[in-house]
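Annotation comment: TrEMBL describes 24-200 as domain 'Ribosomal RNA methyltransferase FtsJ'. Here TrEMBL flags Gly56, Trp58, Asp76, Asp92, Asp117 as S-adenosyl-L-methionine binding site. For Lys157, the entry in TrEMBL reads active site, proton acceptor. The domain 'DUF3381' feature in TrEMBL is assigned to 234-411. The region 'Disordered' annotation in TrEMBL covers 333-356, 384-408, 452-577, 599-638, 775-806. The compositional bias 'Low complexity' annotation in TrEMBL covers 338-356. Look at TrEMBL and you will find 399-408, 456-466, 492-503, 600-623 tagged as compositional bias 'Basic and acidic residues'. What TrEMBL lists as compositional bias 'Acidic residues' is 467-483, 530-555. What TrEMBL records for 775-785 is compositional bias 'Basic residues'.
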Amino acid sequence: MAIQKKHAKARLDKYYYLAKEKGYRARAAFKLIQLNKKYSFLQQSKCLIDLCAAPGSWLQVAAETMPVKSLIVGVDLAPIKPIPRTITFQGDITTDKCRATIRGHLKTWKADTVIHDGAPNVGTAWVQDAFSQNELVLSSLKLATEFLAPQGTFVTKVFRSKDSAKLEWIFKQLFAKVEQTKPPSSRNVSAETFYVCRGFKAPKHLDPRFLDPKHAFAEVEEAAVNNEARVFNPEKKKRKREGYEEGDWTQFSEAAASEFVQTQDPIQMLGSLNRLHFRQEGNGDIALAALDKLPETTEEIRLCCADLKVLGRKEFKMLLRWRLKARERFGFRQKKSSNPAAPSAETTAAGAADDTAAENGIVGEEVAMVEPMDEEMRLQEEIQQMKDQQSKVKRKERRRENERKQKEITRMQMNMTTPSEIGIDAAAPMGGDATFRLKDVEKAGIARQITRGRMHHEVERAKAEEVADEEEEEDEVGDELEAQLDSLYESYQERKEDRDTKARAKRVRKETNPGESDDEFEGFDKAADEGAETDASSDADLIEDNDDDDLETGVEDAALLNDLAPKDGPRQGALSGRAASFFQQDIFRDLEVDNDLDDEAHLDHEADVGRDSGIDDPESSKDDWEEGTQRVTEAKEGRPNINIITAEAMTLAHALATGQVTKQALEDDAFTKFSHRDVDGLPEWFLDDESKHSRQQRPITAEAAAAIKEKFRALNARPIKKVREAKARKTLRAARRLEKLRRKSEGLAEGDGDGMGVFSEKDKAGQIAKLMAKAKKSGAKRKPSVKVVVAGGANKGAGRPRGVKGKYKMVDKRLKKDVRGEKRLAKKMKGKK
Ligand SMILES: C[S@@+](CC[C@H](N)C(=O)[O-])C[C@H]1O[C@@H](n2cnc3c(N)ncnc32)[C@H](O)[C@@H]1O
């Protein structure tokens, strides 16, 4: 901990504090300042490219040192916060895209200076890092050769390695003057150094291989250790006359031959070691001794082990074979196809040497170590087998269950059983109360399908269910995740609602009217045909009232039973087939249902719905428009009041009205993947997403769209309710006044002037004229009152006082006194006169 602190402090040197003080984004700024102090390239440059510029301290230095109106372009993998007088962008300097972007910024200009301070993530493998940094240098040099003007300057950072010399050689081919320097601000511990290359020669043709890292640093690439190649292709290996390779600091390495037999990676050992020895150290190695005595450990093997560096492919193979045999002897587990080179004949030799190994006690020892592993493996296998067995039994049960269901369905189709029996049976195996399991049957839509003769579909569906059941187990973990997602989604929705009033309103609407969907108009089938869906829900409401114990199940069950019950022909009165069937139950037998009353109530309700739907209210109409809903309401007169508010509905209505489409075709078209969606059990977030993005697209005509647009334009142009009411009140008042006037003038014309004697015609005319003038006066606009504001306090000072609208007059004590004084004086003067 203390050491770390010390290091951290050491890192924060004076340049760090200086950079902070001067407002540079990094201490690196001083490196460029010092380089420029020595070579003065910035003052003479009018166009500069900074490669690997983030966070931008070099750009800051360039911007403040270069002449005004210079063009400075900076690029880095990381984003750079804007710097005045510079253009920056994000990009990889090794790519063509970056080159094209620089070209876009420079247009026809050429750069006087290209600076590069790039550094990849330093810190993992030194050799590889230096290599990547040198690659970056080559990439920056490539860009420099493209954008530098003749005699231009290239400044780059290079990490010292054996490739620095190669880089320097390349620089010297391209620039007249190349100097290597390390500015004082560059830490001594850092391997970085800087090259300042001046006088760009701007060669007309440049061999691309010249700046290709593969060619430039060919040897570095070879330096990457490839033990497999060393072992399987040793002949191709170039011998290094200059000694051991970089990074190979241990001059000579060896290991006991027994280690080679035991290792999991023999290739690695053969590729990296110099020798495998059979030497007994200190207190002895039994395994090594046994190996030494094995008949397979021939003299040739020993010779090969003595110097691995001189071996060829054949010898390496031989050693690997020998290792396999030894492992077999010692009872190690063999990978079946670990080495294709292992010959099958090897096993035959195994028995011959058993005695030797046993004599040394090696076999016993090794076996003793391996056996527990085998036992464990065996146990695991057994457990796995048991698990497989169990799931097999479960699957079998499920299959049998599904077969039984299918049989039941067939029986029912042949009128051999009742739908309720199916429900009961289907529920029984699930262990729940069978009576309340009708929900499952309804969910699958089986009964409905049967009545329509779609048995085939059902059988397939049952099979699909079977497969789904099998997948169920795997889904358990998924379910848990799903639940977590659900709760996360809910809290997200809550947060969203807190912010968004519209979403809140939508949620409230959804809660108060769960049947209302966000979907667009689904055609006329639901509303126009017989209102099956709405009736079903009203049926459900009825049942809900009757049976509070099990609301949901009750509703579902009733729905199924009614659905399956044969309908007695056309619907009676206002009741749907389902509702009619429901009221046929015994408990309703004695009840007299007043259909007319019901009808009226129904119409009233529909009228309410019409009112609620906001046909006259532009606000709510707009809401409907946004939601994309379509309402079909019943007016009091009994005529349908179809409010077409979407372009789709308008197109459809037009097509129907002009006979371009028939009802039959419409019904056929309505049967799409959107019409029978089973949303049961789907997570809320998914449904929300679906309602937003997975909507049926219906064709619309331009005329229909224009008509709807016009309709809404007219709707929006209407004055709001309050204004209309105010106008109506005004008209009413005027009418009343006129009526009053008319009555009075009639009285005057006919009467005797309230018993005050008979009026002459002239008097009458005068009275009427007076009345009219009075009426006119009372109808005339009142003068806006002038608000009197007392100056002082909060109203002190110039300007309109706060909260005062319209005309106002400022008064204060002084003004009041002055006015009074003036009046008094005027009076006095008047008196004197
Ligand atoms: C030492 S910093 C440069 C500091 C900069 N000269 C300054 O004054 O602040 C090295 C930069 O090289 C960038 N870099 C490394 N590889 C790059 C690449 N291929 N293309 C662009 N930038 C790269 C890194 O994102 C990093 O910001």
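Including glycine, each Cβ sits where the backbone N, Cα and C put it.
Shown on the structure are the features that TrEMBL records.
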residue	record	Cβ contacts under 8 Å, 6 or more apart
Gly56	S-adenosyl-L-methionine binding site	Arg25, Ala26, Gly74, Ile80, Lys81, Ile83, Thr86, Thr88
Trp58	S-adenosyl-L-methionine binding site	Ala28, Ala29, Leu32, Asp50, Gly74, Ile115, Asp117
Asp76	S-adenosyl-L-methionine binding site	Cys52, Ala53, Ala54, Thr88, Gln90, Gly91
Asp92	S-adenosyl-L-methionine binding site	Leu77, Cys98
Lys157	active site, proton acceptor	His116, Asp117, Gly118, Ala119, Gln133, Val137, Glu192, Thr193, Phe194
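When the recorded positions Trp58, Asp76, Asp117, Lys157 are checked against ligand 1, Trp58, Asp76, Asp117 have a Cβ within less than 6 Å of one of its atoms. For the region 'Disordered' (384-408), residue counts in helix, strand and coil come to 25 helix, 0 strand, 0 coil, using DSSP. Taken residue by residue with DSSP, Trp58 (S-adenosyl-L-methionine binding site) is part of a helix.
Counting every protein chain shown, 23 other Cβ atoms lie within 10 Å of the Cβ of Asp117 (S-adenosyl-L-methionine binding site). Between the farthest pair of Cα atoms in the S-adenosyl-L-methionine binding residues (Gly56, Trp58, Asp76, Asp92, Asp117), the distance is 18 Å. When secondary structure is read from DSSP and collapsed to three states, Lys157 (active site, proton acceptor) falls in the strand class.
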